[in-house]
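Here is the structure we will look at, set down as structure tokens.
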Amino acid sequence: MYTFSSKLKTFSFVLIALGVLGVGYSFFTAPKTIEDVEKILAAEEAHGHGDHGDAHHEAANPHGEDAHGHHADKHDIHKEVSTSHTGRGDGHQAAGHDAHAEHDEHHEHLEHVLHQLQNKPWSALYVGALFFMLISLGALAFYAIQNAAQAGWSPVLFRVMEGISSYLLPGAIIVFLILVAGVMDWHHIFIWMDESVVANDHLLQGKAGYLNGPFFLIRAAIFMGGWILYRQYARKNSLKQDEATDNLYYKKNFKASAAFLVFFIVTESIMSWDWIMSVDPHWFSTLFGWYVFASFFVSGITVIALITLYLKSKGYLEYVNTSHIHDLAKFMFGISIFWTYLWFSQFMLIWYANIPEEVTYFITRIEDYNLPFFGMVAMNFLFPVLILINTDFKRLSWIIVMAGIVILCGHYIDFFNMIMPATVGDRWYIGMAEIGSVLLFLGLFILVVFTALTKAPLLAKRNPLIEESKHFHY
Amino acid sequence: MSNKVIHVLYNDDDILMDAVKQTRAAHHHIEEVYTPFPVHGLDKAMGLAPTRIAIASFLYGLVGLSVAITMMNYMMIVDWPQDIGGKPSFSYIQNMPAFVPVMFEMTVFFAAHLMVITFYMRSKLWPFKEAENPDVRTTDDHFLMEVAAHGDVDQMVSFFQNTGAVEVKVIEEKH
């Protein structure tokens, strides 16, 4: 049996406390009124963008010094992403050059920035919550695949995977509450939830049959309910199999896993439209579901590898050898390439055809998020490919840990890139809100996962494949 | 002085593996082992050095990537930078997404084909090459270990007979 070391427990509480402070601070300091925004912009103007110290400002403002002109220049882009924040994008274009119209435009700009800044702490919280919830979902999908495929190498890792997927229940509840908060109009991550915006937006009216609050929440509840149901059922059967005299519970788990995988791939795809794609409600992409899947699946596998290495280093996993680690590393390597393949397929098809309706999605990302957008390709593709291609490296703990941390950071940035451009636009910054939210959910994740690991022996005793797995050698 | 080798035949891969280990322990030099199919772990038991063909393949892949980049940069950007459907041809990086499929395929093509040719050359395989198996049964159901004979040949023969061999022959090498 695993005992939760008090050091790690304290560490997770510290992370949660720091996270709460960071997130609380960012909510507290978010501007409340247009006057606040005016002050912020004036301060930025005074500093000048060049020596502001924010790398993103240099990347984000190729069009001019003054934020106002910059806004006008990029009006078309903003229109796609966030017009909807004002709901009056068209009037803006028609604005003449007389002082009155200019004043209107300035006011509208301030309001636009206000909404972006108010969205920032919420979006940071949402990205963190979603990322960690999807990691445990990715580990659960991996577990289901191993069960359904009757893999002979992985049963010694099943309890680790079950431990990681235990975060699904609290994680899903948190994400659901954030979605409910959106429908309740407490935040504006999902612009289509704002009825005044929909009233002025023909495209959103057309999508209202699908994108409406009640249906959205019902879908979310069904998806999360199904995943959690499978997770709890599989865990229960896995524990019963330890005490059983036959393989009944193993067979039940086999069938449940096969059924879950069918349910999962359908709900996962719809989930990615709902929770991620719909922050850009004017934009759509058909392979988006796969792309999101690859991103959190590789993160889930990476977390399995990292936690396995941690437990192994503490002497808890007697039968795990370097061949098991090697296999996990091969999955990290392969799925990283799979993610890149989907990332590139989505990007290249849209870049190549350059249809204005679709391409704004990537224009905002390349202009305003240049470093994170291309940096994540280096972190999620180049680095793992060059490091994990070597067989000997795939057996070295420190290489796996290093590659794993880079992959996890890279995929956090991936989710950051999916959500932020639509909610905060060029006002992004990785500051208190973002780091606080990651620390908060990381602490919670460690607390929940390692508590679950103490609840059952770390070796599934009577799994029919456990002997093979104990002696697995590659 | 003529060179002698001992041909020891087995009919089971497990017995062969044990025999290889015993032979190595007794410090007899194994010249070659002929098997009808790959025997898992035989190379380790024989103490053969690991292959470096994967490293060669990686380098070939880099060559392929360089060829693709150089070729397309010259043709599409340097030599005749035509406007084709509005694609930006001012620099390589601007039009790179369109080149990636070619870059990928060329990398795989070079890595795969040059690696296979390397394999053929290093293992001396080509059409009309004279087959080298010392006993036709080794391509069907027998395993043959070839050991250099030195010192007391009779003692060696009895040693190999005790390793589960079905047949032990002392061969006078032709050359």
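For all residues, glycine too, the Cβ spot is worked out from N, Cα and C.
The model shown is predicted, which means the values in this text are computed figures rather than measured ones.
Listed in TrEMBL for this protein:
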REGION    A:46-104  region 'Disordered'
TRANSMEM  A:124-145  transmembrane segment
TRANSMEM  A:166-189  transmembrane segment
TRANSMEM  A:209-230  transmembrane segment
TRANSMEM  A:258-276  transmembrane segment
TRANSMEM  A:288-311  transmembrane segment
TRANSMEM  A:331-351  transmembrane segment
TRANSMEM  A:371-389  transmembrane segment
TRANSMEM  A:396-413  transmembrane segment
TRANSMEM  A:428-453  transmembrane segment
(request) Name the range, of those listed as A:124-145, A:166-189, A:288-311, A:371-389, A:396-413, that has the largest tally of Cβ pairs under 8 Å with the transmembrane segment (A:428-453). (result) A:124-145
(message) For the transmembrane segment (A:124-145), I need the partner stretch with the highest count of C-beta pairs below 8 angstroms, choosing only from A:166-189, A:288-311, A:371-389.
(response) A:288-311
(request) Please give the sequence-distant neighbours of the transmembrane segment (A:371-389): residues at least 6 beyond its ends with Cβ less than 8 Å from one of its Cβ atoms. (result) 55-56, 59, 298, 329-330, 332-333, 336-337, 339-340, 343, 365, 399, 402-403, 406-407, 409-411, 413-414, 416-417
(message) Does the transmembrane segment (A:166-189) come close to the transmembrane segment (A:288-311), meaning at least 3 CB pairs under 8 Å for residues 6 or more apart?
(response) no
(request) Would you mind listing the long-range same-chain contacts of the transmembrane segment (A:396-413), meaning Cβ under 8 Å and 6+ residues beyond its ends? (result) 127, 131, 295-296, 298-299, 302-303, 305-306, 309, 312-313, 325, 328-329, 332, 336, 339, 372, 375-376, 378-380, 383-384, 387-388, 438
